[in-house]
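Participant: Structure provided below as structure tokens; questions to follow.
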Amino acid sequence: MGNKLVLVLVAVALVMGPKNVSAQNCGCAEGLCCSQYGYCGTGEDYCGTGCQQGPCTTASPPPSNNVNADILTADFLNGIIDQADSGCAGKNFYTRDAFLSALNSYTDFGRVGSEDDSKREIAAAFAHFTHETGHFCYIEEIDGASKDYCDEESIAQYPCSSSKGYHGRGPIQLSWNFNYGPAGSANNFDGLGAPETVSNDVVVSFKTALWYWMQHVRPVINQGFGATIRAINGALECDGANPTTVQARVNYYTEYCRQLGVATGDNLTC
């Protein structure tokens, strides 16, 4: 009964609104930076701390030698997936091997800073993956195909196909044409012409989640877990918009930090 209630609550959360809403303000013109809050411009407020895209002025620290596979054990991931109902489509889709394979394209993930920093980044990413997918139950957003995720302002650069849907898919629930386009280009698939690839190829599915993470979340990871919430779905959740959902994400993060044996750090909410 408890698990069913959790799945119902997750389903409601997935239906409530589009994912990655803060990213709607990114996709800036050449020469402009996308700020940590998702707005385009120049200067330190846009290109400094938390800058997500463009000619950012804040340099990233060099990669460390921490090994993700040693931190992300089979027991850790299976402990999450095992909480999904047996009938969930994602239960037999998402695997540790697929995630590790996707990591070959994003070797800096979880490898900046100390081992504790690596553990916190992995805990943060999987807290969001857990929340977005209901413990890896869902591959696609519930009723997502019935929603319009074609952003008119970016349609010239990322043209939508009338026969395709750009609703939430994969661990991060990648959404919108302006995300599918560049995610496809970065990961060698046709994001605009074949967005369903994210639902059909588990390695690509994880790659798109890692792409989004490295593009939009990694730049703010040193500001605390709350900043990662803002980077993923801040417009719908932060600043009092949905404190229950924020707390749910924080609870997952706190639990995964506990499992990995690392302190959560400060600034957990947004």
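Think of each number as a place in line: the chain as shown, counted from 1.
Keep in mind that glycine also has a Cβ here, set from the backbone N, Cα and C atoms.
Since this is a predicted model, take the numbers as computed values, not measurements.
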Participant: Pick from CYS26, CYS28, CYS51: the cysteine that Swiss-Prot pairs with CYS40 in a disulfide bond.
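Facilitator: Checking Swiss-Prot, the candidate bonded to CYS40 through a disulfide is CYS28.
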Participant: Of the residues CYS34, CYS47, CYS51, CYS137, which one does Swiss-Prot pair with CYS88 through a disulfide?
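Facilitator: Among CYS34, CYS47, CYS51, CYS137, the cysteine that Swiss-Prot links to CYS88 by a disulfide bond is CYS137.
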Participant: According to Swiss-Prot, which residue among CYS26, CYS33 is joined to CYS47 by a disulfide bond?
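Facilitator: According to Swiss-Prot, the disulfide partner of CYS47 among CYS26, CYS33 is CYS33.
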Participant: Could you give the Cα-Cα distance between CYS33 (disulfide bond) and CYS150 (disulfide bond), in whole Å?
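Facilitator: CYS33 (disulfide bond) and CYS150 (disulfide bond) have their Cα atoms 23 Å apart.
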Participant: CYS47, CYS51, CYS137, CYS150: which of these disulfide-bonded residues has the highest Cβ count within 10 Å of its own Cβ?
Facilitator: CYS137
